[in-house]
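Colleague: Take a look at this one; I'll ask things after.
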Amino acid sequence: MLDVNNFEYMKIGLASPDKIRSWSHGEVKKPETINYRTLKPERDGLFCERIFGPMKDWECSCGKYKRVRYKGVVCDRCGVEVTKSKVRRERMGHIELAAPVSHIWYFKGIPSRMGLVMDMSPRALEEIIYFASYVVTEPGDTPLEKKQLLSEREYRVYREKYGKGFSAGMGAEAIKKILADIDLEKETNDLKEELKSAQGQRRTRAIRRLEVMEAFRNSGNNPSWMVLDVLPVIPPEIRPMVQLEGGRFATSDLNDLYRRVINRNNRLKRLLDLGAPNIIVQNEKRMLQEAVDALIDNGRRGRPVTGPGNRPLKSLSHMLKGKQGRFRQNLLGKRVDYSGRSVIVVGPNLKMYQCGLPKEMALELFKPFVMKELVGRGLAHNIKSAKRKIERMAPEIWDVLEEVIREHPVLLNRAPTLHRLGIQAFEPTLVEGRAIRLHPLVCTAYNADFDGDQMAVHVPLSAEAQAEARILMLAAQNILNPKDGKPVVTPSQDMVLGNYYLTLERENAVGEGTIFKDINEAQLAYQNGYVHLHSRIAVFAGSIPNERFTDEQRNQLLITTVGKLIFNTILPKSFPYINEPTKFNLEIETPAKYFVDTTTDVRAHIAAQELIDPFKKKILGNIIAEVFKKFHITETSKMLDRMKDLGFKISTKAGMTVGIADILTLEEKHEILEKAHDTVEKITKSFRRGLITDDERYERVIGVWNAAKDEIQGKLILSLDRLNPIFMMQDSGARGNISNFTQLAGMRGLMADPSGRIVELPITSNFREGLTVLEYFISTHGARKGLTDTALKTADSGYLTRRLVDVAQDVIIREDDCGTDRGLTIKAIREGTEIIEPLEERLEGRYSRKTIRHPETKEVIARENDLITEAIATQIVDAGIEEVTIRSAFTCNTKHGVCKKCYGKNLATGTEVEVGEAVGIIAAQSIGEPGTQLTMRTFHTGGVAGDDITQGLPRIQEIFEARNPKGQAIITEVGGEVVSIEEGRDRQQEITIQGTDDRRSYNIPYTARLRVEEGTIVERGEALTEGSVDPKALIRVRDVLSVQEYLLAEVQKVYRMQGVEIGDKHVEVMVRQMLRKIRVMDTGDTNILPGTLMDIHTFTEANRDAILSGSQPATGRPVLLGITKASLETDSFLSAASFQETTRVLTDAAIKGKRDELLGLKENVILGKLVPAGTGIGRYRKLKSEVIKETAEVTDEITNI
């Protein structure tokens, strides 16, 4: 038996007529499908049972042989083989064409492959194939030339003149004859000769022809196979015909297209037998050609064939293309059994690793397991009765169900799955009702809320799948976000509010300055109303079970609040007692100033102290990160649950409400507005007198109103009571921000009009007072724009993620160390004077390339190939080192992936990355997922003649697609000193740069803003004006590494401006994929074709062989490809075809006879194999498990894994 999942590679090629006949099980001669009375397939028709196999299992057509025992018998009456009906999905038929027909893919694609092989223009080919002109196939000894086109009249004239002295023909037959006559060897050698002298257009054409010729030569395909003599007919189950109610039939469009081909073919055969006049035969041949074209690719040439209702029919090509095509609909995304979906509701009392599964749903999902267990326990005699029991919902099944789902994790997924945290595993618990219960802390990762979101459940079946779900995907394991290594499960909303309220301090609260002997006493006093949560009190420090206190501190009093005492009970004992929201307190110890001797006057001491800020959302996040660093997964997930419970409990007790009385308006608002109106009036006067331009007036007016709004906002914040519920909500980070409050109580400020331009009429009212009709109207613009932008952005961002995933899907950690001697020198990324990404953030979790020493003491901070931890990174920055050389994905030598050392730490686990980790896909998701948070619009930068700089999502697309940027900067091609900046004609400026050996001048347009002045020293490739550099121009004047660094910095700028943090390594992986190819300039003595795009590794290998054999190596220059182009240029044709331009990719691959080595993930998913990543990678698949010893029954909780 052939193991379908065990093969090395997949190859595609052209099929010869004999090959097509060998696939076939018989010829389809009639266009009939099924008999309308008996509903049985017609013999020799498109559904014929004799050709394709029986309709019913183990039963021939006439019913003579029934049952399995006749397996393999061919019925003597009807000729049908007795076998399974499933063969109707795999058996093919064929149609013997009465005249050869050209294959539209090879004739019509761009460039026309047929045209390149024959060296004819596509126009000429079309005339021949569709019977408009004759072509000379054999000139004989006449003055005609081979492949010369003749019109009908010319043909007749030459026939009379030369008689049988030459042969010419039309249609695909003539093409076939010419193709068959081509001598590939001779043509190839001629083209190689021509290349030596040819220039310009002729050279390009010669290279393209040579490429196709070499492809045919190397693949063993015969050019004449581009013309079909036999047409394969795909199996009937793949183009089914089904009966609808009311006796009508629905059928696949392919059947209609096949019927047209068969009808025309049969008519042509009859005409040829009758010896019909040539013109009629020619017309029929042309119609046959068009019918086959429509079958293969309808609509590629001329008007598409339409079905009822003027709808174009779906041809074979359309079955593969697009989102609904075979590749994306059925091969890359399949529907799976053992799954369900339902609405989600919050489950605040669940543990971190649990989810609530509705009983009915669980019963259906785990049905086979329950049935097996029922039979096993003797509650049912056989599977059938077990099934009946379940359908009747007998009471005894519930206990069995609980037993079955215990320790059997399920996967929960929420669409859209933007990153890997969109699918996580949970341990199910049964709940009443029909809604899935979700743990509140995982909502951030799923981006879920409970306003009607739905989620899907999947059951991992095999033991291996369950183990992977539990060990790798359990929600308690996914605490860190893969994009930046920060915790993704931070408390939100009510939980934040509760912990904020708990840790507030209040002056002169009830019982301030009371001294307690321990926590219990303090809590008792609080419950009886003697002290408040916010009262500052003293507690005997020795009673607090904290291992960080010194012996001296244990004998002192700790100044804290009741709330903070309660808050600290949720933290591990060896964690510092957190009394203030500072980094010092978090990472090192509780500051000494909070400890006082027992003799101190506590009340006076407290009265002299400032109030400490409560713990906001950010601090809670830092606490989680710190706990994770020190105690890892189990302890963190328990702590998170405690923090969640505490937050919910206290926010319930706090009873925060928002009433209209909480929104207090500002007394001085009227004065501020008056002042602003006066200033605007003055600006308008200056404009009327012609002192300033309209643009300047506009900018200044906007400035005035923004200043007014800011002033109101500032005074509002100062006038607010710290205990105002709205203020507490926004200050804690639970919900809303200060600008929401300003709009409620201050003024709404300026709005944007539909084009995104700011309207200079401000909205001076706030929501508390109410808006005037005009103000309301102005504000509708902005609201509408916000919503449309969001909708458009989501689609754009999703498509960006898809392209990123496609280009990086085969980047996997393949080995431990690639042994490279190159590295990337990094420093902090800056925009002007502002630091966008500091050096320590870029260093942490990377391997050093060289030994790093302290500049003064010369002591070693990190050795070569050491992992730089957070502590080492801080040391490096503190030592004043500004740039460090690290191992980077840019310089990694690993083929088809990167190595562990060049990648560094896995951000999602905080540990070293494992071999087999699919870092490409993680990188793509990390860049794509925050895409929805980026803005859409191009910002209008200040300044009168300011260019629009693209930012946000459009800028990210521009970078990754390597497009020419908007507002492009002019770069210098020489390094040296700027010697002069002069004003040329048309108010242009001319910059002259004196290099070491040459001098260049650049004309700068009048509107551009300069970045250099006379005397500036510039490097090659440096920008002379403000704006974005075109990376394709940069790669021409600088090396690859500078382009990579530039792209990395640009991507980071966009994301950091929007407050999104992404690890450098993700961008590095993507940029590495854009620069994988090299364009061959000079072929040397290798047999590479000039102008070919090839993988750098393949290129180096070809050159290595050339150098070793002592011949001249080829030279090439690196090429920067946009991600779409890079995806289509991948070595895997399956991956490229399933991405975009399916027909073009397949045409090309077929001619080249390409092999797909199945290295990426996508190709393997398409073929239904295990992906070569994670546990599916070769080195893990070969491991065999063995039992060392049986373990005792484990009763421990799942969290301890």
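The first residue you see is number 1, and the count goes up from there.
Every residue, even glycine, has its Cβ placed from backbone N, Cα and C.
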Colleague: So Swiss-Prot lists C818, C899, C902 for Zn(2+) 2; which of C443, C892 goes with them?
Modeller: C892
Colleague: What's the CA to CA span in angstrom from C78 (Zn(2+) 1 binding site) over to D453 (Mg(2+) binding site)?
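Modeller: Just about 57 Å between their Cα atoms.
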Colleague: Restricting to the chain of C892 (Zn(2+) 2 binding site) and a gap of 6 or more, list residues whose Cβ falls under 8 Å of its Cβ, or answer none.
Modeller: C818, T820, V898, C899, C902, Y903, R1072
Colleague: Could you tell me which of these binding-site residues, C60, C818, C899, C902, has the greatest number of Cβ atoms within 10 Å of its own Cβ?
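Modeller: Most Cβ neighbours within 10 Å: C902.
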Colleague: Going by Cα-Cα distance, pick out whichever of the binding-site residues C60, C62, C75 is nearest to D453 (Mg(2+) binding site).
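Modeller: Closest by Cα distance to D453 (Mg(2+) binding site) among the binding-site residues C60, C62, C75: C60.
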Colleague: Whole-number answer please: how many Å between the C-alpha atoms of D451 (Mg(2+) binding site) and C60 (Zn(2+) 1 binding site)?
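Modeller: Distance (Cα to Cα, whole Å): 57 Å.
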Colleague: Please tell me which one of the binding-site residues listed here (C60, C62, C75) sits closest to D449 (Mg(2+) binding site), measuring Cα to Cα?
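Modeller: So, of the listed binding-site residues, the one sitting closest to D449 (Mg(2+) binding site) is C60.
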Colleague: Need the DSSP three-state call for C902 (Zn(2+) 2 binding site) to compare against my parser.
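Modeller: Reduced to three states, the DSSP call for C902 (Zn(2+) 2 binding site) is helix.
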Colleague: Relative to the mean position of the Cβ atoms of C818, C892, C899, C902, the recorded Zn(2+) 2 site, which additional same-chain residues have Cβ within 8 Å?
Modeller: E815, D817, T820, R887, A889, T891, N893, T894, V898, K900, K901, Y903
Colleague: Return the residues near C62 (Zn(2+) 1 binding site), defined as same-chain residues 6+ apart in sequence whose C-beta is under 8 angstroms from its C-beta, sorted by sequence, else 'none'.
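Modeller: C62 (Zn(2+) 1 binding site) has long-range Cβ partners C75, R77, C78, V80.
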Colleague: Tell me, by DSSP, whether C892 (Zn(2+) 2 binding site) is helix, strand or coil?
Modeller: coil
Colleague: Which residue among the binding-site residues D449, D453 has the fewest other Cβ atoms within 10 Å of its Cβ, if you could check?
Modeller: D449
